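K.L.:
Copied straight from TrEMBL:
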- 20-40: transmembrane segment (TRANSMEM)
- 85-106: transmembrane segment (TRANSMEM)
- 113-141: transmembrane segment (TRANSMEM)
- 153-171: transmembrane segment (TRANSMEM)
- 175-197: region 'Disordered' (REGION)
- 175-186: compositional bias 'Low complexity' (COMPBIAS)
Amino acid sequence: MTADQKSKSKWSRYGPVLQFLAKAVAIYGAWYVLYDLWLLPDGRLDAWVSQTVVHAGQMVLSGVGIEAVANGRSIELARASGIRIVDGCNGLATIGLFAGFVLAFPGSTRRRLLFIPLGVGVIYLANVARVSLLAGLQVYWPPAFEFVHDLGAPAFFHLIVFGLWVLWANYGSPSESPASDSGSDVSTERSPAVADV
């Protein structure tokens, strides 16, 4: 095998991985510039997302019988101190990372246009569930709030995002049929002389 063939062999083996990593780094860089340097300091998008999460969380809490009032970025509770959704906890940064992964990983534009909004919706609903759970803990089990807020809820939230990534990697990207082993002389048919044991 010549050096040129070895180089091509390595590229064909590692090329897709390197291409994904290059795209992921570029998309993450663009998201960082867009979000951390423009959207976050501006504050309007974060405020809007936080307020919609608060309103949805308040509706969930009211639906399960917990007195709650939505007030800007806060859910005020009749029997507890309540919670406030701050920047970084509204799911917006996670949505950007999720979308970046889907854009960097192979897949058709049509599938991306369907999967990204679906994933954003799932992440949004998971965040509403997280916020509602944390507010419910404020009322019914205050000592557990810190533990669930710091460890349990982020683990739950990131597990859902990871599940979406796995779903995209398995079903969103183009499937490749396994290459047939045409050079093999081994038959997979049963020989009449071989008995089942």
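Keep in mind that glycine also has a Cβ here, set from the backbone N, Cα and C atoms.
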K.L.:
State the residues, same chain only, that lie 6 or more residues beyond the ends of the transmembrane segment (85-106) and have a CB under 8 A from a CB inside it; answer 'none' if no residue qualifies.
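P.N.:
Counting only partners 6 or more residues beyond its ends, the transmembrane segment (85-106) has Cβ contacts under 8 Å with 16, 20, 23-24, 27-28, 31, 34-35, 39-40, 43, 45-46, 49-50, 53-54, 73-74, 112, 115-116, 119-120, 123-124, 126-127, 131, 157-158, 161, 164-165, 168-169, 172-174.
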K.L.:
If we skip the immediate neighbours and take only residues 6+ beyond the ends of the transmembrane segment (113-141), which ones have a Cβ under 8 Å from one of its Cβ atoms?
P.N.:
53-54, 56-57, 60-61, 64, 66, 68, 75, 77, 79-83, 85, 90-91, 94-95, 98-99, 102-103, 107, 148-149, 153, 156-157, 160-161, 164, 168, 172
